[in-house]
Structures are given as C-alpha cells and as structure tokens.
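Everything below concerns the one structure shown next.
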Amino acid sequence: MLGGGADGWRAIAIIYAVIGLAVNTISVLSVKELPPEELDEGHDPAAAERYSFREGARILLANKFYLIILVIYLVQQIFTATLNMGIYFMTYVLGDATRLGAFAWAINIPLIIGLLFTPVLVKRYGQMYRLNIWGYVVAVLGRLGVVAGGYMGSIPLMIASSAIASLGMSPLQGTLNALIAEASEYTFLRTGKHIDGMMFSCTTLGVKIGGGVGTALAGWLLAASGYVGNATTQSSSAIHMLYFMYLWIPAIANLIILAFLTRLDVEKANRALRTSADRVTA
C-alpha cells in the first residue's frame, strides 16, 4: 500500500513520526504539576504554585541529566530500527531468512533474564551508575563479537555475541525509569520545583523521534545502496550496506550510549545536593 522497499520505509517513518510527535505534544501540554502542598487537607488549590509550559520547559532543559537520558532513548531507538534490518541480512547475506528466529531468541531471552536480576544487582551494589556502565561495556564487546562473526561467516559466534550484548543492555533497560525519577529529583533539589509529569512525558519524545529517525534512516540507507525490494539477489553495494546497518550501526550506537552513561551519575549529584542542604539546615 505504501510502495514497499525504501519508499515504503520512508512513508511509514514519516507517518509514525507525525503521529508520535502530535500525541506527545498534546501529552506534554496537558501536564499540570501538582505540588505536594496542594495535597494537604485544607489547602487552597487556587494558591498552589503553577508553571507555564515555557517555564517548565526551561527548567527541564536546564537539567543535563534529562538531556542525557533523552539522547540515550533516541540512540536506543535507532539501534532497534537498524537491528530490525536483520531479516534483510539473514535473507541476502546469510542466505536463510528463517535464521532470524534464532537471533530473536538470542536477543530477547538474555534481556528478560537480565531484567529479572537487575533489581538484585542494584540492591547489591547500591547504585545504578556503575552497573549500567559495566553492562554497556559488555554490550559493546558483544556487538563487536557480532561484527567479527558476521565477517567470518560464523553464525554460532554471531548468536552467542548477540546474547552477550543483550544481557549487557538489560540493566539500563530495567533502570531507565528510575533514572528519570532521579533526574526529576535533581531538578527539585536544585530549584525547589516539581516537574515530574513533564519529565516523564517529554522523555517519551526520545522514543518517538528516535524510532522515526531510525526507521527513516534505514529506508534512506537502503535506497542509497541500490537495494531492490523483492529481488532474488542484491548488488554488491546493497550487501555492503546491509553489513554496515546490521553489524556496525548497533555496535556504534552501544558505544555512544556507553559514552553518555559515563556522564549519567545523577545519583552522586543528588547525594551531594542533599548533603549540602542538610549542612545549611543544620
């Protein structure tokens, strides 16, 4: 219906991006922050502190940790969009589209197992920061293993490395919402203003925009490589592009996320702000 191939990818990306942007814009504009004082019995709601959208956005964008999380969400969605090119890689490079099932299991099962153990690991180590960093070190090494396996033609190495990478990514998947809450707390400790609703609503922009950009990027790269939809074989340039999209882009995306995670020590920043506040009130 949308033309198939690269044109179809571009069309569906634009549709999803427009719908996602519209829905999330409505969500953000509809958020009204409710200060804790307003919940107290006998409190006059009319006297409650309110923020305009412009003021809330200004406060939000002044939070460096929010911006880091937003970028991480965006890059994660680009990672996912290019990883979804697996069906093309299996078909035209590995020569068997049914192998995608094994790769899907190798990605999803370790991720689920990792998510189950994430709360235990956070409790044991007492923080999310180091756990997420070490997790993504493993994820980067895992994706590099996929790259090596892809060029060697070793499917077992690719599957095993995909599983390792997915396991390394699981701690961040399980702690992202908690990190958003910490980022919101950081804003409150610095400014005394609660913008929790806007913090969570705006962060979903990373998912929508990242998904749209990632899907569009996949279509553009396929088109640029000379990919021909439904063809039995593809040109050399299209094959090289499939290697780049399925092997290299996910590895690069994980490396970018790792770099941003080293700057996401919001827990330490909040502890310092609480200590400073306690000294002032002591």
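Cβ coordinates come from backbone N, Cα and C, glycine included.
Automatic prediction, not curation, is the source of TrEMBL annotations.
Going by TrEMBL, these are the annotated features:
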TRANSMEM  12-31  transmembrane segment
TRANSMEM  65-90  transmembrane segment
TRANSMEM  102-121  transmembrane segment
TRANSMEM  133-152  transmembrane segment
TRANSMEM  158-180  transmembrane segment
TRANSMEM  200-223  transmembrane segment
TRANSMEM  243-264  transmembrane segment
Range from 102-121, 133-152, 158-180, 200-223 with the greatest count of C-beta pairs under 8 A to the transmembrane segment (243-264): 133-152
Paired segments the transmembrane segment (102-121) and the transmembrane segment (158-180) in contact, 3+ CB pairs under 8 A: yes
Distant-in-sequence neighbours of the transmembrane segment (158-180), which means Cβ under 8 A and at least six residues beyond its ends: 65-66, 69, 72-73, 102-103, 106-111, 113-115, 117-119, 121-122, 128, 131-132, 135-146, 148-150, 199-200, 203, 250, 254, 257, 261, 264, 266
